[in-house]
Amino acid sequence: MSKPRKQQKCKTCGHTQFDVNRYTAAGDVSCLRCGTVLEENPIVSEVQFGESSSGAAMVQGAMVGADQARATFAGGRQNAMESREQTLSNGKRKIKRIAAALKIPDYIAEAAGEWFRLALTLNFVQGRRSNNVLATCLYVACRKERTHHMLIDFSSRLQISVYSLGATFLKMVKALHITSLPLADPSLFIQHFVEKLDFKDKATKVAKDAVKLAHRMAADWIHEGRRPAGIAGACVLLAARMNNFRRSHAEIVAVSHVGEETLQRRLNEFKKTKAGTLSVKSFREVENLESSNPPSFEKNRAMELKISKKLQQQQTDNFEDLSKMTEEEKQSVFGKLSKEEAQKQLLMNTILSDITITTENLNDQMDRILKMKKSSLENSLYKTPYELALANGSEQDPSKIWNINKPKNLVANLPKTDDILQNVSSEVELNSDDDDEIVLESKLTEEEVAIKERIWTGLNHDYLVEQEKKRLKQEADELTGNTSKSSSGNRRKRNKSSLPAELRKELGDIDLDEDGTPRSAADSAKMYISKTSVSKKINYDSLKGLLGGNMGF
């Protein structure tokens, strides 16, 4: 039984009877006793129905979604929608079409539609092809549900590049912060590949063996860092051979969409494991088998062993060659080394050559090396004069020892600057680097100089001919006496000063001393004005009386 509705009371007088003004659009609610207005412009949240002009029932009002910017009204355009809603509707319709073509369930297509809605909200769709985004949303939904669909399936169906689709997928995972995306398990693709290869009634058995092979490869670290399609293809090929089905590499490649070389590489990696050495019966019966090292580890280990063997063989060959050398040949080989370094080199070659060495010889050599190191270290350490005196057995006053070692007449014995400059030649020695190997290699021979001159003459032939014509014409004019002054000589020289002629005349001559300096301040002002241009900012009338009218204005 529902509870009775609580009766509304006036907040001022507590009266329970109210009047609703139905004659205005506001619909105010007021108390009948005190006249207090309780509600102004009340909003009715219940659904109301009306009648259209044709008599059909219609709902009054409009629904506004959480992701909508405004309400949609059926006014001039029937069923008017926003551009965002149209994009979302078209995207979901295309997703369902792609899902139907690839036999993807409807619930996965609906999940892909929600992923597309999220991508649209974060503006991930802008600037990208719609097919790439739609296929990526479907692939993310398939990965979430752990289906057997691959990116290349969407690529072949939509006729787009698988690399472009993969790049869009990686960017979408980063933009939408998809962190809980599970890794693709190779066993998910095995059933799909088996169905395409048509194993008939033994399809279940082949799939079971292939799944067990995939788990074995995962235990042997072959699955890490590899494409799951390549692992699944190799497992299906091995399972087919285990059940006496002849399937070629080309058939597996056509189904799994991986390269034949990749497929063979997975088979070679499985061959090097402990499970690869078992028979078919033993492999099916064994359960707990020790896992092998990763293929990359074995590859690096083999490379390291190969390098170490090569180095050891090289050291052995060097020692054999050294043992066959005479003393003169050894001296030429170790001539650049000091005596101690040569002995160390011989000792190291002896040790690395695996020749039997007695313990006494080895200890003697080590003691000798340690003594040499100790003596060199002692000699290299700095000792004060007082310590040297104590080492010599004489105990003197330390201050006297320091005074003995103090330099005397240091400044007086230093060479003078003139003595040093006398040893420095003031002439430039152009041939000082003639004996340098780099300079000698840079110099050209006579044949190279002739070739270079011939090339330069050919490149500048027109210029040389023109200069020769000018020279011959000038000589002919001089012989005939048809010489005229240059146009530059006839030109009137431009005055350096821009003073008017009248002003220069009023200035008069400038009295100069023997060294060319003006004798008075007036002459200095005249010189300055005559050299500089006329300035509009100088009042020349007041400049006349500045020096008592001696300027000549």
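Just so you know, glycine gets a Cβ as well, placed from its N, Cα and C.
Because the structure is a prediction, the values reported are computed rather than measured.
Other Cβ atoms within 10 Å of the Cβ of CYS34 (Zn(2+) binding site), summed over all protein chains shown, number 12. In three-state terms derived from DSSP, CYS34 (Zn(2+) binding site) belongs to neither a helical nor a strand segment and is classed as coil. The Zn(2+) binding site feature in Swiss-Prot is assigned to CYS10, CYS13, CYS31, CYS34.
Annotated compositional bias 'Low complexity' per Swiss-Prot: 480-489, in sequence order.
Residues or ranges marked as region 'Interaction with TBP and with the Pol III subunit C34' in Swiss-Prot: 98-272.
Summarising the annotation, Swiss-Prot assigns region 'Interaction with TBP' to 281-553.
Residues or ranges marked as repeat '1' by Swiss-Prot: 98-174.
Annotated repeat '2' per Swiss-Prot: 193-272, in sequence order. For the repeat '2' (193-272), the DSSP counts in helix, strand and coil order read 60 helix, 0 strand, 20 coil.
Look at Swiss-Prot and you will find 6-39 tagged as zinc finger.
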With the fewest other Cβ atoms within 10 Å, the residue among the binding-site residues CYS10, CYS13, CYS31 is CYS13
